[in-house]
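Colleague: First, the structure itself, so that you have it in front of you.
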Amino acid sequence: MLWKSVLPVALIVLGIHDCSFKFIEIDKNEEEFAMSMEHVLFHFNENQNDDFAYKFLRVRRSLRKKYTQKYLVDLEMGRTLCGKYDEDIDNCPLQEGPGEKKVRCTYIVETRVWVTEFTILNSTCVQT
């Protein structure tokens, strides 16, 4: 008899627990996401042993962990003709021919926009 009352409670708790850890699709134009992606690009360029800057080519997937400001992003970046410390990387042309390099990366970044704090929790990149 006790199991009849415990089972529904256990299912509710498991359901709430399961829902709280899922990533959900988000709009790529969401302000907090856009700011996080600027940090991801800065982080990537800072950590490259390359004098040239990379820029976003395409965000393949953008997700946010439910009830948090943790973002998971799958993106592609390309090597530009500009140096990584140049001002306007967005308008730099991509390298072509022998210098051409493209990477596909997955980042998990936690954002606290109200204090301008971004933390890279995990990142993986491969050349394509």
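Placed from the backbone N, Cα and C atoms, the Cβ positions cover glycine too.
According to Swiss-Prot, the record shows the following:
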{"type": "DISULFID", "residues": "Cys82-Cys92", "note": "disulfide bond"}
{"type": "DISULFID", "residues": "Cys105-Cys125", "note": "disulfide bond"}
{"type": "CARBOHYD", "residues": "Asn122", "note": "N-linked glycosylation site"}
{"type": "SIGNAL", "residues": "1-21", "note": "signal peptide"}
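Let's see these features in context: how buried, what's close, how far.
Modeller: In the structure as shown, the Cβ atom of Cys92 (disulfide bond) sits within 10 Å of 19 other Cβ atoms. Following the DSSP three-state reduction, the secondary structure of Cys92 (disulfide bond) is coil.
Under DSSP, Cys125 (disulfide bond) is assigned to a strand (E or B) in the three-state scheme.
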Colleague: Run through the Cβ atoms and count how many others sit within 10 Å of the one on Asn122 (N-linked glycosylation site).
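Modeller: If we count other Cβ atoms within 10 Å of Asn122 (N-linked glycosylation site), we arrive at 9.
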Colleague: Would you mind reading off the Cα separation of Cys125 (disulfide bond) from Cys82 (disulfide bond), to the nearest angstrom?
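Modeller: Spelling it out, the Cα of Cys125 (disulfide bond) and the Cα of Cys82 (disulfide bond) are 21 Å apart.
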Colleague: Give me the CA-CA distance between Cys82 (disulfide bond) and Cys105 (disulfide bond), in Å, as a whole number.
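Modeller: Cα-Cα, rounded: 20 Å.
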